[in-house]
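These come from TrEMBL:
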COMPBIAS  25-51  compositional bias 'Low complexity'
DOMAIN    62-137  domain 'TFIIE beta'
REGION    23-51  region 'Disordered'
REGION    232-283  region 'Disordered'
């Protein structure tokens with residue numbers, strides 16, 4: 001019964017629409033047949049023009065976007081500002097930051113104080129700028145810095161020096177001016193200086209002895225051995241692991257390609273660093 005009532009209502013609506021269309025067609029036909037009235041005499045007084053219809057702003061989406069940014073957590077707003085500073089490597093006033101990424105630094109005290117105290121941000125009293133760990137800006141300055149770290153410097157500490165620093169590191173490696181060696185415990189490389197002005201000839205017996213030395217599996221043990229021999233490790237595995245546990249991050253070692261020539265029970269030796277002796281093969 002309910003279905004039949006719906007069908008009846010639908011038919012009534014169709015009939016009503018049809019009658020409306022018929023009335024409209026009849027009115028349009030009658031308007032065509034009636035003669036147009038003569039134009040009225042022009043009034044000596046100027047007639048008022050109709051006011052333009054009020055249009056709503058087409059900028060609603062942008063305003064909503066700005067509002068969502070300014071209502072975001074303080075950390076999210078700070079990250080937005082730091083990303084702008086990192087990408088541009090320019091100094092911004094609070095007003096310029098507002099124009100660039102819609103973060104109102106002056107209007108939000110927590111954001112202002114957070115940026116001022118952030119170790120990655122430099123504030124000179126007027127402008128904010130990105131603060132890298134090492135103040136180098138080109139390949140030459142990068143090479144000078146690496147040569148100061150005879151024990152090696154972690155590449156992760158150089159990543160934010162300037163935009164194309166990773167390309168310059170690969171260029172220095174290709175030119176034989178530095179070594180980029182991986183460790184087992186992290187995914188980052190260590191950069192070591194290599195001065196080609198100091199040629200070193202190594203006997204084959206010493207090479208074989210170096211390659212036959214069994215190394216500990218854990219980076220903590222390697223760092224302890226280095227310290228026992230009076231050398232300062234370039235990494236701090238204990239500190240990095242503690243920070244990873246606090247942040248809930250587990251360290252993932254680099255995936256290694258299987259070598260069919262060695263069995264699974266092969267000992268870990270210095271043979272995994274053959275590139276150290278590439279320049280000495282012809283010596």
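Placed from the backbone N, Cα and C atoms, the Cβ positions cover glycine too.
In TrEMBL, annotation is done automatically, which means it is predicted and not curated.
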Per-state residue totals over the domain 'TFIIE beta' (62-137) - DSSP helix, strand, coil: 41 helix, 7 strand, 28 coil
Mean of the pLDDT scores, which run from 0 to 100, over the domain 'TFIIE beta' (62-137): 92
